[in-house]
Every structure is written in structure tokens, then in C-alpha cells.
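**Student:** What follows is a single structure, and I will ask about it in a moment.
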Amino acid sequence: MEDEAVLDRGASFLKHVCDEEEVEGHHTIYIGVHVPKSYRRRRRHKRKAGHKEKKEKERISENYSDKSDVENADESSSSILKPLISPAAERIRFILGEEDDSPAPPQLFTELDELLAVDGQEMEWKETARWIKFEEKVEQGGERWSKPHVATLSLHSLFELRTCMEKGSIMLDREASSLPQLVEMIADHQIETGLLKPDLKDKVTYTLLRKHRHQTKKSNLRSLADIGKTVSSASRMFSNPDNGSPAMTHRNLTSSSLNDISDKPEKDQLKNKFMKKLPRDAEASNVLVGEVDFLDTPFIAFVRLQQAVMLGALTEVPVPTRFLFILLGPKGKAKSYHEIGRAIATLMSDEVFHDIAYKAKDRHDLIAGIDEFLDEVIVLPPGEWDPTIRIEPPKSLPSSDKRKNMYSGGENVQMNGDTPHDGGHGGGGHGDCEELQRTGRFCGGLIKDIKRKAPFFASDFYDALNIQALSAILFIYLATVTNAITFGGLLGDATDNMQGVLESFLGTAVSGAIFCLFAGQPLTILSSTGPVLVFERLLFNFSKDHNFDYLEFRLWIGLWSAFMCLVLVATDASFLVQYFTRFTEEGFSSLISFIFIYDAFKKMIKLADYYPINSDFKVGYNTHFSCACLPPDPVNLSVSNDTTLAPEDLPTISSTDMYHNVTFDWAYLSKKECVKYGGKLVGNNCDFVPDITLMSFILFLGTYTSSMAMKKFKTSRYFPTTARKLISDFAIILSILIFCVIDALVGVDTPKLIVPSEFKPTSPNRGWFVPPFGGNPWWVCLAAAIPALLVTILIFMDQQITAVIVNRKEHKLKKGAGYHLDLFWVAILMVVCSFMALPWYVAATVISIAHIDSLKMETETSAPGEQPKFLGVREQRVTGTLVFILTGLSVFMAPILKFIPMPVLYGVFLYMGVASLNGVQFMDRLKLLLMPLKHQPDFIYLRHVPLRRVHLFTFLQVLCLALLWILKSTVAAIIFPVMILALVAVRKGMDYLFSQHDLSFLDDVIPEKDKKKKEDEKKKKKKKGSLDSDNDDSDCPYSEKVPSIKIPMDIMEQQPFLSDNKPLDRERSSTFLERHTSC
């Protein structure tokens, strides 16, 4: 430890914070020595320089004696309201602030074993509790583990643990290959330091090497070899004078103790299913506590091995042991020993102390870690909380990065968008994105996108080798097919079949497959959108009224629009995306989600109108309800003597032949056939079709409900984790299959999916290629630039807003975005679709969000009680590419797809609309309008923004959304893309209505021109700021620094924090332990 820095305790009260250069070489700099660069800054209050220098000299000359503590305490008491840097915090700063190349410390499994008597005779180590993140206890008499719960500790046990660490043996980075060798080493160290009498070594060794019984083992059925064998307890064995010489006694002890010890894990350990909860590199921390009758003072040892070693059956699971804490004490204090064991086990499961335990260099580092824990611990009044109540683990754990970062001296860790800039509510502004930085060069952004995505091109294919990708393909395929059929049908009605269902299938397949293969963000799904449909209808009517060739006019609009998009790509216009804040994103995505929900119910209501319910039907008068087909009045074909035809023969005969050459029985005609051939439907039941509407709504709501339920099944308590995850991943596919089977079993003739079975244009008046000239006057080619401007705005807004939503920080995408590359391919595909007279395609918000949700990854191993952590999204190109290839092949799968009821697919539409609204802050704020104040959730923005301001912001967002909805439903829908662009202007105007503080929580702060310069200044200020002041402004980026009161544990000590390690007065130590603590 000669190279370790010596820390001047007095320096910590001078409000000095070391910069990175000083911290980097702290092993060779003596902090107490005057360094001009370090001490140029002075305290804010006025003091005489001579007095300050005098105090520094006194501290150095007295070798950091106790007097310095008293002086510092007096000084701190005079300025207690000013932020202080405790010596423990300063020490932890050096421990956690070290930059080494070693990997992060592994996950720890902590096990608490207590020395208990079995059958009143044998003493064994019995496992009573275990920790990974939360505590699990062995239920008394239940032979089962308790549910994971938050460990509640008594404050007294933490102080006793601190005393144990001060007085016991601390052995760091020791080497041992077996448990007997390790126990021997600990006993010898205790004897060398005078903490253990030599004649007690054998007894301690015998006790520590007793058999370990874990909860996974069943009741012990003794074998024949064990019958008659009795092993006395340590006290009786050593108290018997007939045991022979000490040497013989030692041999007997060793042989009997080592019977159950093996360096290899047992079969029960290898079969333990609890290993699934641990990562592969996990290590163990064993805590052994118990009471014995041969010790007068506690036997305390904390050991950290240089390398983790497998110590046989010491641990419940077959993981190597790194830490060992031993506490053996006199009889009568078993409860105190148990609580101390729980305290050290809980500390080892704490992320900050866990890192300190791995990096500690001496006893004082460990004590500083305990002091840091005590600084953060929360105390509950004894009369207001029952400690026997087990606290359920929270759904989301607070990140320890804030605590670690406070000591590491680094910048604020950006996790999931929770930075000071965005107020900790995720979805931060886009000004920091590298993808949105304007290069100022021709096609600079496009070139950077290509360079950024090219290294990941190969991994975009093999990263899809997971069963989760299969479920995503099937789910998105059915959603895409349904959308293509729906849009194709509407487009056919709007354009007189110049573009129909087949064109929709072909365009979706070609555009989507090419985009997913080469675009910057392959997770984005291309589809036709409502605004595009409105534009196509208006364009067709305009061409029809002015005798223009619709497809040629549309071709030139597409070419002009593609050219404008390419100009936007070349000029890096995508940097404007940084002005699309949460307000714009949520307004647009919520509108699209509401459209999906509205269309799903609209289609079901239309279906109910087509197949109405007979509300006047009465069971007692069922003879009054009938329907018959009568022949037309001029000719009565039903009474002819000619041949009568069966209904199945009718479709092959023309109506003319039927009327003049043949006769048939009208009573056998179907409803459609009767109307087709001029018959009359007579009866009061002719307008009603029984059960179809009711069955359709059952399929519709059943598909939606089961999809939602099975998607949430991952967090349920039933079935193993693997089964729950599999059901959740295939939730939508399973729902579709289940209700298709139900529909087939019931046998009601519900409307089914209709897919074109022939590959040819829908209209015979068009081909697969549109000539650019010949159909319209020459000037139409130039005039097409005007409507093309509207299309360009629509394409740009739709594409980039969806791209922003897909690339949100909370999705944790690792391969980067490609805004310019995406828009480039949309423009190229627009040219292709214009020449082939196929629909135009752009990013679809709801389906893209559904695609991302179906590919989300979570941790495979999570501690009991801990929610699986979201790792990111499986970024690849395979799912999207295969979805669109299957869409193109759907023409050949018509015989299979025709069995899928349309209400089932409408239920999938409803699910996608509702699912895409989950987690949207706008929806959370809408719910607040209906909640009483006391029942409102603890959202971060409710802590810092007055509720009336929150409601005002929500009202303005609802107003904009309502205007957009009204606009899209009227003839003025042609300017819909312009109004979406107007959302950005509305958000800019909110800067005059709301403060930047409020907007930083409710929305994103719009980036400023000199933002980078301001951020650099902010970083410099952070380096100069006080380390120990509370960082509550991380939740409140615009709040003022508020002084905090910190009373560090070290001020209360009698011993200097970093003085030379002097031998402890053993008698005084023993007296102190007996009088004040269980240790």
C-alpha cells in the first residue's frame, strides 16, 4: 500500500474538488501537500489567508491527529448549511473513480448460513436466507423459500456491522484452493493478530468445517453406513478428557470435519434450477454466523479471495466463492448475529457497496462503503411500520448510476433518455443525435448514413436467427396484408379500379422489400396512409373533370415529388427533425392510433349494417317470420312444364337463356340469385341474417382481448418463464389461430379475407408501365410540380416523424439511424411506383411501432423479484424483408388465407391502435383529467410542474389533435400535411406561454443555435461545482442549487480517518465489543 495516496482530512472541508488530471494520478500525489494548481480557488466567505495556512501546517505537522477532527468539526459547525464533502465520500470517489481496464465486477449471489443444532445434537450450517437483488428467507417449518422482498434492516445492526469491520480481521486478495485451506489461513491470521487464542484454533476450525445443509436438499434419510454414527458437538468433544492428546484430537477433528468437504460441486448443486437466475460469470459471497460456547469474544473475519474458487458444497448453487464473512460469538446473542449477517448480505447485494468490496484496498475502504450506505439509508419510525411486513419489490428499481456517478466524477450517465436535459422522463430532444447534425456538404448526411450503416449490414441478417423473429414475421405479415387489402379496396373505389387490391399487394411487396434491404432503419415498415388515399381521390376527380390522363398526370407528380425529396436529402434537410419535439411526435402518432381504432369499429358497424340483427324477432311467433323468392310479374317461370334446374346450375346459364329457354323452381334460389335474376324477396325476415353480426363481434373483441392478455402473459405467475415468454411473443398469431378455429367450429358464414387469385391489373384499361408522354398537354408535366409540393411535404412529414418515433432513445437502438438514407430510398421507390402505376408508400407509424414491440429484447436472467431489464430491440433486416416477400406471394396463398375471418383482422387493427398508445405521455396526462389529486401517479413532471399548467398543455394538445381529425375528415384534407407541419409552429409558440422549466418536463426543449457552446460551458461549470451537494437538479434541470445538510459518519469517529494503522488495544476492544455491540 506504499503507493496509495494519503488523504488530508482537512482538505475535504475546503470545498475543493479534484479535476480529472489530479484524480488520474492520485496514487503518486499527496493530497495534503500544497499544489498551486489545486488550491487557487478559495472559499466563498472571507477568511484571512494566514489563518488558513496556519491550520494546514498544523494538520500536516500533527500527522493528521485527532486534533484535526475536532478543529474540522468546529469549522463545519459554523457552516453546517454549506455542502460538505465527507472523508468517506472522498475515499469512495478515489475507489470508484479509478479508470482500469478490468471488466465490471460480476453479479454476486449471497448466502446466509447459520450454525444450528440438528436433532438437538449435531451442529450444522443451515442456509436461512439468500440474496441476488432482494432477500429470500427459508420459511420456518414450510420447507420453502419466501417470496423475494426488500430487506428491512435495523439501524443498530448496521452500526454493529460497522464495528465488526473495524475490529475484526480483514483479509483481502488472499489465495486459497479449498475450504480447509481457507479456514486454516483465517485462524492463523487471527492468532497472529492476537484476536484468537492458539488453543481455540482446532475448535474454530472444526466448527467452520461442519456440514452445510441447503434448502434445496430434502429431509436427510440416513444411510446404513450412518446408523450408529454419532458426532458430538464441538464443546462436548473438547470438554471430554478422554479424547487423548491434542495431536490425536486434531487428527480426529480433521478427519471427521473433512468427511463432507469436497472441492467439486455436488449433484444437488448442479441440478439446482436457481442457476437460471444467475448470469454465467456470477460469483458467491458466503456469510457464516453462529453462536458457540467456547468463545468469550467474537470471532470476526472478512475475506476476499484473489480469484473466485469453487469451495464444494459451501454454496447452494455451483458458483465460485469470492467473499467470505464469518461471525462466531458467545452464546445468548443469536438474534444479533443473525441481523448482522443479514446486514452484510444486504450490503453485498447493494450495487455501490458491491463495487467497493471488489475494489477496496484496506479496512478503511470497506468502512467508507458502509458509511456511504448509511448516508443513503432510510429509517422508518418504529411505531408507524411493522418490520414483519415484507415489502414487495418495486416494478422499476432506481438506477444506482446516480450514486456511482456522484463519486466517479464522470458526466451524467445517459440511460434511456433520462438526462438532465429531458428531465428524466425519457424521449429527450434530438439535437444531440449524430445522425441529425448538419454537415454543410453536398449529400454529406447521406454519405455519413451509408458509412454508419455499412459495418452492420452483415449482422443485420444473422442477428435475426431467433425464434422471436418468426413471431414478428407472422404478426406483421397479417397486419400488412390486412392493411394492403383494405387500402387497395378503398383505392379501387376512389380511382375507378385504376389502382386496386392487386396493385396494393404488388406495390407493398416491391417497395417494402427494397426498403428493408437497403434503408437506414430497416425496422420501419412502409405502407399506404390515409392522407395519400385522400390525395389520390382528389387527383383522380380533378383529372376526370379536366379530361387529363390520370396515371400520366400522377406519374409526373411522383417524379417531381421524388426530385424534391432528393433535393432535401442532398441538402441535409433532415436536420429539421430535431424540431419535432414530443408534442409533435405524440400528436401525430396518437392521431394515427386513433384512426386505427376508429376504422376498426367503423368496419364492424358497417358489417352490422350489412348483416342486420332482427331485433323484432319473437320466439313465440317464429311461424310469422319467413322469406320467399317470387318470380317477376310479367312471366311466371315457376309453373312451366319444362325442365327444372337446380340452383348450382344457375351460374353457368345467362339470364337471357334462362328466361326464354329453361324453367326452374324459384323457391330453391338463394337470396343473391333471386335478386340477380329479377325475382322478388317477400317476407318479414328477408333483410336479416341470423348470428353473423353477433359472431363477428365475438371474433372481433375476442381477438383483441386475447391478444392483449397473452401479450401481458409474460409477467403473470403461471407456467415457467420460457413458456410465458413464448406465449407472449406469439400472442397475436395464437389469437388469430384460436378464433379462426372457433369460427370454423361454429360454422357461421362470417365474411372472410378475399385475396386476388390472378396476377393482372385490376382495370383492363391499363398496363404495368405508364408512358410519360402522349396522354396530356406538355404543360401538365410542368404544372404537376405544384401538387407535387404538397405530396413532398406529406412524404417528408410522415416519413421523418415515424423515423423519429422508431429511433427514440428509449428503444435503445445500437446500430444508429439513417434519416437521409431512408428518405433517399422513399424517393427512389416513388419513381418506381409512379412508372408502374402502383400506390405510393411511406413509413407507417402504428405498424412500425408494432414491429418494434414484437422485437424487444429483455434480460434472460433476472434476480428473483426483479423485473426483466429491457435491453433493446433486435435490429435486423430479415423480418421486414420476409414480411413483404410473403405479401407478394399472398396471391398464391389465397386458398389458405380465405379461411381467416375479417372480424379477426379488425381485432388485430384494434390491438395495434391501442398498443401503440401505451407509454405515451399524452395518454397519461389525459387520464389525469379524470383522477382525483390523491390518486394521481407519481409522475416526474407532476413533482415540478403545477397541475393547472399540465392540464393547459394537455388541452392545447387535444385541441390540435381535434383540428387535425376534423381536417382529415373533410374536403380540405388535401392540406393535411401542411397542418402537421403547423404543429411545429404551434409548439414554437408555446415558448411564450410556458416557461422552459415546465417545457423541459412536459416536452423537449427546442434546440438553440448556440446550444453546443452552452453545453460546453455547462460541462465546465459541472467540473467546478461541489461534489457532495445533492444532485436533485438531475430531475429538475432548471432548479437552483439548494444547499444540503450532510453529517458524515467519520466526523463522529474518535480515530483519524486515514491515520497510520496502529495496533488496537485488545483489552479495550474486547470491553467495547461486550458492552456496546454483539460483536
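Placed from the backbone N, Cα and C atoms, the Cβ positions cover glycine too.
These came from Swiss-Prot, pasted as-is:
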type	residues	note
COMPBIAS	251-260	compositional bias 'Polar residues'
INTRAMEM	961-986	intramembrane segment
MOD_RES	TYR30	phosphotyrosine
MOD_RES	SER61	phosphoserine
MOD_RES	SER65	phosphoserine
MOD_RES	SER68	phosphoserine
MOD_RES	SER232	phosphoserine
MOD_RES	SER245	phosphoserine
MOD_RES	THR249	phosphothreonine
MOD_RES	SER257	phosphoserine
MOD_RES	SER262	phosphoserine
MOD_RES	SER1026	phosphoserine
MOD_RES	SER1034	phosphoserine
MOD_RES	SER1044	phosphoserine
REGION	1-62	region 'Required for interaction with AHCYL1'
REGION	39-78	region 'Disordered'
REGION	235-266	region 'Disordered'
REGION	1012-1079	region 'Disordered'
REGION	1030-1033	region 'CA2-binding'
TOPO_DOM	492-501	topological domain 'Extracellular'
TOPO_DOM	543-550	topological domain 'Extracellular'
TOPO_DOM	610-692	topological domain 'Extracellular'
TOPO_DOM	746-779	topological domain 'Extracellular'
TOPO_DOM	895-901	topological domain 'Extracellular'
TRANSMEM	467-491	transmembrane segment
TRANSMEM	502-520	transmembrane segment
TRANSMEM	522-542	transmembrane segment
TRANSMEM	551-571	transmembrane segment
TRANSMEM	586-609	transmembrane segment
TRANSMEM	693-710	transmembrane segment
TRANSMEM	726-745	transmembrane segment
TRANSMEM	780-807	transmembrane segment
TRANSMEM	820-836	transmembrane segment
TRANSMEM	838-855	transmembrane segment
TRANSMEM	878-894	transmembrane segment
TRANSMEM	902-918	transmembrane segment
**Student:** What counts of helix, strand and coil residues does DSSP assign across the topological domain 'Extracellular' (746-779)?
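**Tutor:** The topological domain 'Extracellular' (746-779) comes out at 3 helix, 1 strand, 30 coil.
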**Student:** For the topological domain 'Extracellular' (895-901), how many residues does DSSP put in helix, in strand and in coil?
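**Tutor:** Within the topological domain 'Extracellular' (895-901) the tally stands at 3 helix, 1 strand, 3 coil.
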**Student:** Can you find at least 3 Cβ pairs under 8 Å between the transmembrane segment (502-520) and the transmembrane segment (551-571), where each pair is 6 or more residues apart in sequence?
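**Tutor:** Counting Cβ pairs under 8 Å, fewer than 3, so no.
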**Student:** How do the residues of the topological domain 'Extracellular' (492-501) split into helix, strand and coil according to DSSP?
**Tutor:** 4 helix, 0 strand, 6 coil
**Student:** Can you work out which residues elsewhere in the same chain, 6+ from the ends of the topological domain 'Extracellular' (543-550), have a Cβ less than 8 Å from its Cβ atoms?
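**Tutor:** Apart from its flanks, the topological domain 'Extracellular' (543-550) reaches 495, 498, 775-776, 780.
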**Student:** If I count Cβ-Cβ pairs under 8 A between the transmembrane segment (726-745) and each of 522-542, 586-609, 878-894, 902-918, which range comes out on top?
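**Tutor:** The stretch with the most close Cβ contacts to the transmembrane segment (726-745) is 902-918.
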**Student:** Taking the transmembrane segment (780-807) as the reference, which of 551-571, 820-836, 902-918 gives the largest number of Cβ pairs under 8 angstroms?
**Tutor:** 551-571
**Student:** Across the topological domain 'Extracellular' (543-550), what are the DSSP residue counts per state (helix, strand, coil)?
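**Tutor:** So the topological domain 'Extracellular' (543-550) is made up of 4 helix, 0 strand, 4 coil.
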**Student:** Give residue numbers and ranges for long-range contacts of the transmembrane segment (522-542): same chain, 6 or more residues beyond its ends, CB-CB under 8 A.
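**Tutor:** Sequence-distant neighbours of the transmembrane segment (522-542): 460, 476, 480, 483-484, 487, 490-491, 494-496, 498-499, 504, 507-508, 511-512, 515-516, 548, 550, 553-554, 557, 595, 787, 790-791, 794, 798, 802-803, 806, 813, 822, 826, 829, 839-844, 847-848, 851-852, 855, 873, 875-877, 880-881, 883, 968, 973-974, 976-977.
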**Student:** Select the range from 467-491, 586-609, 693-710, 878-894 that forms the most Cβ-Cβ pairs under 8 Å with the transmembrane segment (838-855).
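**Tutor:** Comparing 467-491, 586-609, 693-710, 878-894 against the transmembrane segment (838-855), the winner is 467-491.
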**Student:** Might you confirm whether the transmembrane segment (820-836) is in contact with the transmembrane segment (551-571), defined here as three or more C-beta pairs under 8 A between residues 6 or more apart in sequence?
**Tutor:** yes
**Student:** For the region 'CA2-binding' (1030-1033), report the average pLDDT of the model, please.
**Tutor:** 42
**Student:** Find the member of 693-710, 820-836, 878-894 that has more C-beta pairs under 8 Å to the transmembrane segment (467-491) than any other listed stretch.
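**Tutor:** Counting Cβ pairs under 8 Å, the winner is 878-894.
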**Student:** What parts of the chain pack near the topological domain 'Extracellular' (895-901), using Cβ distances under 8 Å and only residues at least 6 beyond its ends?
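**Tutor:** Residues 478, 481, 696, 699, 736, 739-740, 743-744, 750-755.
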